[in-house]
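So that you can see what the record holds, here are the features copied from TrEMBL:
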DOMAIN    B:74-290  domain 'ABC transmembrane type-1'
TRANSMEM  B:12-32  transmembrane segment
TRANSMEM  B:77-99  transmembrane segment
TRANSMEM  B:111-131  transmembrane segment
TRANSMEM  B:165-190  transmembrane segment
TRANSMEM  B:211-234  transmembrane segment
TRANSMEM  B:272-292  transmembrane segment
Amino acid sequence: MRTRRTLMAVTAGLAASTLLLTACSSGDDNPSSDGSGAAGGDASEVEVFTWWASGSEKLGLDALVKVFGEQHPDTEFINGAVAGGAGSAAKDLLQTRLQANDPPDTFQAHAGAELQDYIDAGQLEDVSALYKEFGLTDAFPKDLVDRLTVDGKIYSVPSNIHRANVMWASPAVLEGAGLDPAAKYDTLDDWFVALDKVKASGKTALSVATTWTQVNLLETVLIADLGADGYSGLWDGSTDWNGSDVTKALTDFEKLMSYTNTDRDGLDWPDATQQIIDGQAGFNVMGDWAEAAFEEAGKKAPADYTYQPVPGTDGIFDFLADSFTLPVGAKHPGGTKAWLETISSAEGQTAFNKAKGSIPARNDAKPEDFSEYQQTAIASFGKDTIVSSLAHGAAAPVATLNAISDATSKFTTGASDLAQYQKDLAAAAAGK
Amino acid sequence: MPRNLRRWGPPLLLISPSLILLGVFVYGLLAINARTSMTDMHTAAQTTGRKPTSFVWLTNYGDLLTSPDFQHSLRNLVIYTVVFLGGTMLFGFLWAWLLDRPVRFEGVFRSIYLFPMAVSFVASGVVWRWLLNSNQGENASGLNRLFQMVGLDFLQNNWWNNVNYGIAAIAIPAIWQLSGYVMALFLAGFRGVPEELREAARMDGSTTWQMYRHVIFPQLSPVALSAVIIVGHMSLKAFDLIMSISKPANYQTKVPAIDMYVFKSSFNYADAAAVGVILLVIVAVLVIPYLVHLNRTEKNA
């Protein structure tokens, strides 16, 4: 009995010390960067950190890896995809790894302001030299390159472009409400008339899901009411959040929310899109990744669903982009360079975007390679005014977006009135 | 001295790894966390030392406790804890009392009540998110649809989407999961009462109710106290169930642990740490008196 107890204690002690040892050994140090990370370096492998673990995103990544294998056969691709929470699980892990100086060779991030925190923290290398080397400055639209440039430096390479201001509709529901499914809505006021009719027919007029999709709706309303310049001014301080035109936009947003389904906070975007597919709701505002959901359900436009820019935002392309970075202290910078070359090449972008449903950032992609919706998006991207999406990290840093989301949830659940909402938004944008 | 060493040395050597581990990874990290909470580390640039961080003492605590949004989270936490505690204690006690009498298939009932505890909060949260769907009328589903089917339409409500008391709806699945555990605790308490006492009560001519009321219930108070502490500290740390039913941005279901998560994901480490310390203090207020009490009773025994 006694010996057994001693044995157990020894085992427990040993187990504990093993834990201690592993805890100590995991923090291996990295050579600090010399600032020239864009040049050369170990290209034997590349660990690519993404949240593309399922669905059309995984198909896109697979297509990209295939092109990568052809272009850079000597570099081994290591898939660092982390599933869960629409990227929030991956971002959590990434934050920890960067903090511990153990960065992946490259990681996925929305291009634009979402990178600001990493840039401020000195965790990203400037890759503008690669833009010159790969000829990207000319291949990408100037509007886009301007939006990616921070103090003359560029910190990521976009692999694809999405559009956030798309309105989807169910022709069956619209016909049932006595509306012309092919009608175009030029202004929010025109749209309200149609929404009223759908509501009167007993269907959900506008389907929406949890807070971030409400923020997505909010940003399109802000674009519609303030115009491209006014909306962009919200993020550089030239538009006053407390102004009366913002009040007008928030009033419109409040009105739009009154047409929505009551179970919205428990849903995510596929559920809201599904309501259009199933003919339970008339309209839905969502980014163009919804196209993949319609396709998966075997639906065809314009018989089963229709799309157009959110009323009042025609001629404006509310963009967001996935992009890849070169973290400071990456172990295989050569591999990262190879990866960035593939994802920015015409072949890489074509293969990836065909599978994912988004469009290439390059202006030399051939539209005929893509689906009908994508062709319209490519055409718009080429000629529209480009603005940055708020809900997807292009327009504002994470802290601002979180504060705006909190304020929006507070407003749409009825805990604050419109005046308080506007105050909360102004405070969020000011970073207080 | 050598004798003392021989007596204390080996045991001390054996427990030292766990002592060191506890010291470093629990108390050491608690101290670092408390220190972070008293700095102005609100941005990513400060976490890597790109921008200076200064010591601001209790400013973050003051800001948090006076912010209406954090007060809303604390209020939610209180509602959640009261409903969760009340519900588990009520159902746990009731079931244990029912099973204390000789019942047929007692084992079966016991397992049925205890089983939900084996399910993780995240897994049951996914199911309950659907059950607690807030649609009413034609589009209703989940429990609201069930109420319609059995003709109890007036019971339909918007569950956790109620901005004032929505958080109480999240306590329903928590009650469902943990009542069985509280039942097991109480059942052990009932069984711990010696048969002689029951017999003595019967000899004295007490009715069954009088026997329970005056002989058995008073002896259950230590069990009840343990149950309150165990369920209470779980409730104060509520996070996973809320995350899987609701979303971190949803105002109606905010609690301090969710705030901590949102702060952390915004690189606002100072406020996240401050929320952590506040939670620790709240739990300590509950647990420390209990530990002191336990220590005393053990010494007396």
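The backbone N, Cα and C atoms fix where each Cβ goes, and this holds for glycine too.
TrEMBL entries are annotated by machine, without manual review.
Within the same chain, the transmembrane segment (B:165-190) packs against the transmembrane segment (B:77-99): three or more Cβ pairs sit under 8 Å, each pair at least 6 residues apart.
Contact between the transmembrane segment (B:211-234) and the transmembrane segment (B:12-32) is not supported, since fewer than 3 Cβ pairs fall under 8 Å when only residues 6 or more apart in sequence are counted. Among residues of the same chain six or more beyond the transmembrane segment (B:12-32), those with a C-beta under 8 A of the stretch's C-beta atoms are 280.
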